[in-house]
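*Asks:* Sharing the feature lines straight out of TrEMBL:
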| type | residues | note |
| --- | --- | --- |
| TRANSMEM | 19-38 | transmembrane segment |
| DOMAIN | 74-529 | domain 'Major facilitator superfamily (MFS) profile' |
| TRANSMEM | 149-169 | transmembrane segment |
| TRANSMEM | 181-200 | transmembrane segment |
| TRANSMEM | 206-227 | transmembrane segment |
| TRANSMEM | 239-259 | transmembrane segment |
| TRANSMEM | 265-285 | transmembrane segment |
| TRANSMEM | 360-376 | transmembrane segment |
| TRANSMEM | 388-409 | transmembrane segment |
| TRANSMEM | 416-435 | transmembrane segment |
| TRANSMEM | 441-464 | transmembrane segment |
| TRANSMEM | 476-496 | transmembrane segment |
| TRANSMEM | 502-524 | transmembrane segment |
| REGION | 541-562 | region 'Disordered' |
Amino acid sequence: CIEGFSSVKSFLSLYRFQACIYFASVFQAMSCGIHYLASVFMAVTPNFVCGFPGNVSSVLFHNSSTSSIEDIWTLWTSTENYIVVQLENREIWELGQCSRSKREAGLDLAYEYEGNKSVFPCSDGFLYDDTKWKSTVVTQWDLVCDREWLAKLIQPTFMLGVLVGAVIFGDIADRLGRQRVIWFTSAGQFVFGIAVAFTFDYYSFVIVRFLLAMVSSGYLVVAFVYVTEFVGIKARTWASMHVHAFFAMGIMIVALVGFLVRTWWVYQIFLSIATLPFVLCCWMLPETPFWLLSEERYEDAQKVIDTMARWNKVSTPCKVSELCSVQQDDPASGDNDTSSTKKHNILDLFCNWQIARRTITVWLIWFTGSLGYYVFSLSSVSLGGNEYLNLFLIGAVELPCYIIACLAMDKLGRRNTLIPFLILSALICVLIMFIPQDFNILIILANMAGKFSIGVAFGLIYLYTAELYPTIVRSLAVGSGSMMCRVGSVVAPFCVYLRSVWIFMPLLLVGIMALLSGILTIMLPETLGKPLTNTLVEATEMGRKKKSSSEKTPPAHSGAALEKIEMFGQERVGTDK
């Protein structure tokens with residue numbers, strides 16, 4: 001660990017410009033974690049019963065009698081329970097969750113009643129338990145009983161927006177640049193986050209949340225690419241992986257704010273305010289030299305490089321004109337010009353068999369990581385006890401897994417870390433099936449271990465994907481991978497529903513997918529210590545075993561130029577390795 005933390009310290013001291021860019025960008029990742037998990041408390045369904053027509057004089061629940069229905073909620077244990085109330089006009093009603101019954105005879109207030117009843121719908125609304133939450137979107141718009149399905153759609157529709165945003169903004173970032181997308185999505189998170197709190201009905205709430213999901217997903221996808229292209233090889237692992245750590249901190253903030261604020265729209269406003277500091281300063285973030293060079297905007301790239309030199313106190317910054325002089329004199333540069341100006345789409349991720357096979361494997365890992373992450377997370381939430389503490393621990397447990405992942409990635413490599421942790425998560429799924437159900441603590445520890453192992457793979461795949469693909473389609477690759485990730489997150493709740501078929505069915509599915517992903521990962525190339533590629537040709541060659549004779553072939557000039565820029569921040573340390 002000491003070696004890893006010394007690497008971070010070196011990064012902060014030697015690369016001041018990159019450090020400022022990094023921390024400004026990942027600060028906003030907390031906001032993404034906040035919005036992704038906000039509905040955990042915002043859409044809570046408390047205990048409830050039908051309303052009654054009149055003023056109540058006495059309330060009866062089993063053997064407990066009181067004059068206020070609020071005193072009954074502490075005794076409520078099951079959705080099959082009902083409350084008996086006597087009104088001031090002497091009418092006696094049985095209040096269930098989705099219906100109410102009026103007793104036709106009998107003036108004595110008793111819980112059990114065998115006489116005739118008239119059943120009525122809940123036309124007078126509902127009474128909710130407000131001991132924990134004063135207001136939620138469920139209580140505000142009565143999303144219970146025949147409208148319960150609307151409440152269950154809140155998170156899936158949000159995740160659908162995340163899926164759409166990952167694809168759209170990933171592609172836009174490759175076309176228009178990372179900087180503009182970061183500006184738009186960060187401002188969008190603040191605007192839509194505040195707007196959610198002031199929606200006037202369920203449908204406007206869902207629509208605004210969908211837009212919020214799109215910009216949140218778009219920011220997270222492009223932020224990974226943005227920091228990856230600014231940070232050199234030496235600190236790329238720690239910098240990219242700990243974007244996830246800030247996302248996890250956002251989850252912990254949700255637990256803290258949920259504990260302190262119990263009205264949903266106030267809760268939403270407090271969560272959205274976290275975005276404001278970044279919105280005020282995000283316009284100062286520059287475009288990455290990688291993207292500028294891929295678009296042949298050499299003067300703008302030189303300005304960014306000169307700024308980096310001043311911040312990092314480098315006396316002799318590199319010159320773009322020198323890096324690209326060989327390419328400009330090359331007769332074949334016309335072909336490169338054509339390819340650099342070409343507008344790329346998702347089909348470029350299947351341009352040849354090497355890249356297509358890589359894309360399919362990467363997509364499967366994204367899907368499996370998300371599926372396993374949310375299946376284990378849902379199991380953790382149902383551990384019992386304090387739900388706020390549970391959510392806080394769910395976020396906190398991710399922090400050490402990213403540290404372990406970083407150390408392993410730098411020592412063993414990306415692929416050699418991904419394979420064992422995917423297979424380990426599959427083995428843990430099998431292990432849980434053999435643990436007796438009355439061994440609760442052991443089951444909890446095994447589920448935490450499963451989430452830890454799948455969390456390493458889930459966090460690693462962001463950086464690994466960015467390194468496997470060239471600059472011209474890097475955002476698109478990460479965006480499409482994030483799309484598969486969102487598909488997994490949408491499927492995860494339905495996977496959990498399969499517990500009604502067999503209690504271990506979700507774990508079996510996650511285990512099979514994790515094992516398959518781990519096996520296919522063996523065919524992926526290792527990217528540890530290698531410069532980022534700029535063209536699809538370079539990316540394809542990275543996946544092939546070169547013969548010794550091929551070393552005589554000079555590398556693509558654009559890739560060499562970008563490699564020098566990537567290593568630019570390391571000029572101060574000379575040959576120190």
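We count from 1, first residue shown onward.
Cβ from N, Cα, C; glycine included.
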*Asks:* State the residues, same chain only, that lie 6 or more residues beyond the ends of the transmembrane segment (388-409) and have a CB under 8 A from a CB inside it; answer 'none' if no residue qualifies.
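*Replies:* Non-local partners: 1, 3-4, 33, 37, 40, 237-238, 241-242, 244-245, 248-252, 254-256, 258-259, 377, 380-381, 417, 421, 448, 451-453, 455-456, 459-460, 463, 528.
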*Asks:* With pairs restricted to those 6 or more apart in sequence, evaluate whether the transmembrane segment (360-376) and the transmembrane segment (441-464) have 3+ C-beta pairs under 8 Å.
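*Replies:* Yes, the transmembrane segment (360-376) contacts the transmembrane segment (441-464).
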*Asks:* Can you tell me which recorded stretch out of 149-169, 265-285, 441-464, 476-496, 502-524 has the most Cβ pairs within less than 8 Å of the transmembrane segment (181-200)?
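*Replies:* Between the candidates 149-169, 265-285, 441-464, 476-496, 502-524, the best contact partner of the transmembrane segment (181-200) is 265-285.
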*Asks:* Mean pLDDT, the domain 'Major facilitator superfamily (MFS) profile' (74-529)?
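*Replies:* Across the domain 'Major facilitator superfamily (MFS) profile' (74-529), the average pLDDT comes out at 81.
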*Asks:* Take the transmembrane segment (416-435) and find every residue of the same chain, 6 or more past its ends, with a Cβ under 8 Å from one of its Cβ atoms.
*Replies:* 365, 368, 372, 405, 408-409, 442-443, 446-447, 449-450, 453-454, 456-457, 460-461, 464, 504, 507-508, 510-512, 514-515, 517-518, 521-522, 526
*Asks:* Taking contact to mean 3 or more CB pairs closer than 8 A (sequence separation of 6 or more), are the transmembrane segment (476-496) and the transmembrane segment (206-227) in contact?
*Replies:* yes
*Asks:* For the transmembrane segment (502-524), what are the same-chain contacts with Cβ under 8 Å, counting residues 6+ beyond its ends?
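*Replies:* Answer is 357-358, 361-362, 364-365, 367-368, 371-372, 375-376, 415, 418-420, 422-423, 425-427, 429-430, 432-433, 454, 457, 464, 468, 495-496, 543.
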